[in-house]
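Database features (TrEMBL):
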type: DOMAIN; residues: 81-235; note: domain 'PPIase cyclophilin-type'
type: REGION; residues: 217-236; note: region 'Disordered'
Amino acid sequence: MGREPTMSRTGRIGGVVAAALALVPAGCAKAPTSPRPSDTAATAWVSCEYTVTGGAAKVADPPSGAQVPTTGTATVTLTMAAGTLTVTLDRSAAPCAVHSFESLAAQGYYTGTSCHRLTNAGIRILQCGDPSGIGEGTSGYGLTPETNSPLVTCANEARTECSYPAGLVVLADPEHDGGQFFMTYAESQISGDYPVLGTIDEAGQQVLTQIAEKGFKQGASPAPAADTTLRQVTLG
């Protein structure tokens with residue numbers, strides 16, 4: 001966490017400013033400017049633990065877990081055959097998960113992979129992020145779930161019955177959270193065990209809807225019929 005300046009330091013700074021102003025000719029003195037908010041605002045950090053599990057479908061380096069920011073947003077662009085999805089990642093609810101997702105995107109882990117699973121009954125999602133394409137692949141590491149997103153509404157304290165609205169990007173279950181994620185194209189009823197990474201823009205939600213409307217690949221359900229290759233996944 002950032003530290004507040006001490007009184008003794010403030011006193012020294014004030015003395016230096018006063019001495020400097022004494023040397024300026026009359027009529028030319030300028031009051032010292034106030035620090036910009038970006039100079040003084042404390043930045044919130046957290047330590048994250050990324051556990052190596054082995055058996056990577058595609059090798060990726062776990063990110064550093066030191067001083068991971070818990071504030072602010074980041075943008076990730078998913079370019080698919082059906083169109084482009086712009087995702088706004090929110091660090092406040094799941095900083096460790098967002099940090100991992102950013103790292104994998106920067107390493108090119110997702111580029112060239114396809115979304116392997118489409119569901120349309122109660123749970124309406126498109127699941128992606130497995131280089132093996134069969135739903136079992138990971139990056140070879142995992143992380144502790146962060147499950148306090150304000151975007152998810154649960155019917156009970158046990159969080160066994162929760163509603164995820166359309167347009168969310170959510171990390172997969174703990175066995176596959178070192179890479180896999182899913183996107184909700186409609187409101188979905190799922191347990192509250194999944195970290196929410198961020199939200200998809202309106203145009204991106206339309207792309208998801210178009211993919212869902214094409215249904216399943218013949219004889220290969222739950223694989224989607226549409227081309228879901230992530231041609232490029234970029235930060236910013």
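Just so you know, glycine gets a Cβ as well, placed from its N, Cα and C.
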Query: Helix, strand, coil residue numbers for the region 'Disordered' (217-236) per DSSP?
result: 0 helix, 8 strand, 12 coil
Query: On the 0 to 100 scale, where does the mean pLDDT of the domain 'PPIase cyclophilin-type' (81-235) fall?
result: 96
